[in-house]
Amino acid sequence: MRALPTLAALLASAALTVAAHDAPPEAFGAPPVSAAEGRANNAARPPWSAERAIAAFERGVDRSRLRETLRNLTAVAHIAGSDADRAQAEAIQAEWAAAGLPNTHIKTYFPLLNRPVSRSLTLLAPERFEATLREPAVDGDDTSRDEEVVPTFLGYSPSGNVTAELVYANFGSPADFAALAARGIDVRGKIVLVRYGSAFRGLKVRAAELVGAAAVLIYSDPAEDGFVRGPVYPDGPWRPPLAVQRGSIQYPTFYSGDPLTPFVAATENATRLPQSEAPSLPKIPALPISYGEAKPFLAALKGHGVAAHTIANEWQGGLDIEYWTGPAGKAHLFIDNEFAVKPIWNTMAVIEGASEPDRAVILGAHRDSWVFGSVDPSSATSVVIEVGRVLGKMYKRGWRPDRTIVIATWDGEEYGLIGSTEWVEDHVEILNKTAVAYVNLDQAITGDAFRASASPSLANLVRQATKGVRDPNSGQSIYKKWNRRAGVDTPEGRVPRVQPLGFGSDYVAFLQHVGVAAMDIRFVGDYGVYHSNYDSFNWMAKFGDPKWKYHEALTLTTGRVLLPLAHDRVLPIDFVPYVHELRTYAKDVAAALGGASMPVEWAGRLDASIDVFEKAARKLHKEADQLRRNDADEDDVVVDAVVGSGDGIDAGVSVLTVQGGSDDGLAGIVPQQHPKHPKHPKHPKHRADNNKLGFGERGFIDMAGIPGREWYRHVVYAPGEWSGYGAEMFPAIHEAIRRGDRPGAEKAVDAAASRIRRVAELLSA
């Protein structure tokens, strides 16, 4: 292997070319590999198929270790940037290294974080009530005894001292504030009381800020996750009266990651925006409270303004009082939050691919939590730790993936997907040229119902993976149970619904900024202690997964996703499912255009591009399927016709060369012919088709971004401007339609149609 450039050298280069074997572990931030280690790692070994790797992996998964890992992770609060957070990062690195994982390291970034110094909330009139802002201890839950281990607060809320009347604004959406204004209710200068649900909490604060509110109180209504849903903790899984949902109120509208360093990594010496100029930071104070302590504030509004149910039935929440809008009463809110640039720590491991080290598959889950975080995030973190441990044991015994595997526990996710976003921004060039997929875990276990969200190109992979793992309760495959619960009819038959990816976890930067196909997988159920002191080991042991069977099932499913991506000769990626999704989204565009009295025929431009895309996707599907069948015939193994697993990878046939100067990052991608790899001289098309499959998602990236929020570059998917968590499809088009921008809507339609054709060209190259 020839000498390899470092990432820093790659980023400094004006014209970047990546050929086979140009992505060493150090390109992803790992310590440089010594010459002796390099020789040992790349010595000739018998090839490993995905089937053989999966069998070895599944033998190594240990349910008892998953349980103990979760116990250890939840033993202490580990908010981002804390000493406990760093100690966990170091402990994970040590465990992975001891297991045998190579190239383990900790990558440090320096984002802006805040911590509460003091806060108070008092109802002054019509009666006085002092909120405790505490979560009382629960019998049998040892970690709940420290009521102030992490005080109830909101990430990135500014400090404030406000005395004002109260107004109730339902979920705090722009439509809710418009409904108040239509009834003559003025929120300017008021403390607005809104409930969790419907949209990301930061967007509630942004909406209140834009209409002139002075401050925001956000409470968890029992209709969403409290006693209305069922028994509350510790008797059931739902939120008890004094539980509080902490969380970030960074505005995801504009970008994810560190508020002060958009587009660039938050390194120690990075150039930073002044805090007052960061568009993602709120300008008015906000505080989370429990529904038990929200009740007196809501009761103070009775008889003032309008009865909430007269606006819409959904405005009436689950408390046993009549909800009114106000304005009425008077409250005093005081918040003193301290802001500082602080270090956070991503724990990483890089397993260099034996055949295609310049192609990477990334697996990640965040590690930081608002308090103890049994579900969020430690159920996911424990699975990723176990995957790393088992792969380390396999590595010690001679296993090597054909493609490079990167494993991460991200830090700072709770504040705004910081650890993953900064790492992506730090490695954007090398990821653009090497990453074929990102697999994300978060809030992994709250019940027994499997759910997947993914790029459509990965939908069939996750479906296939679930066919090989038994559901612990039913004994059926996860796939069969999932399809029965969430099946949808498609041109390819009835299959389980795979949801689109919006905002809310660490896949965002990979998919929506760089264009790396991504997925998020989990088991869901009744869960009412989100971001509270009661998201604890005890909650998981009683309600979430008492026998840890679903932790084990998700670990096995993760292996069946990750290892085919790392081993199959033909990548288990398929763009045909994209066709059905794009056609559905195009119909939605047509309906939106018609509703706004804009030309519906503009949507026909999308339809025409989708027709071209469909031909290219089906042609590539047919080629890839034939390659898989040929491999199966040669190797005498059985593979699935759509996303089957092969027996290795043909690594030296063709590569994509990326050159600088392109306005879209794709103009320089051209096929390059290379001698046949001696390992598989009969397979000249594998590498070429794999480049199309692995990099096709990049074609949806428009480097100009969405107008007004240019960090988001994917023309098909982005977080909704006013929903946050939920994905919006063809976001630039719908945003232009909503603001009545006729030229902007037509321009966005043309841009999306162009990108769809660009992907078709790439798939057909």
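Note: Cβ is positioned from N, Cα and C throughout, glycine not excepted.
According to TrEMBL, the features are:
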type     : residues : note
COMPBIAS : 674-686  : compositional bias 'Basic residues'
DOMAIN   : 162-248  : domain 'PA'
DOMAIN   : 346-538  : domain 'Peptidase M28'
DOMAIN   : 679-763  : domain 'Transferrin receptor-like dimerisation'
REGION   : 671-693  : region 'Disordered'
SIGNAL   : 1-19     : signal peptide
Three-state composition of the domain 'PA' (162-248), taking helix and strand from DSSP:
23 helix, 23 strand, 41 coil
I'm checking region-level scores; what's the whole-number mean pLDDT for the domain 'PA' (162-248)?
98
Helix-strand-coil residue split for the domain 'Transferrin receptor-like dimerisation' (679-763), DSSP-based:
45 helix, 10 strand, 30 coil
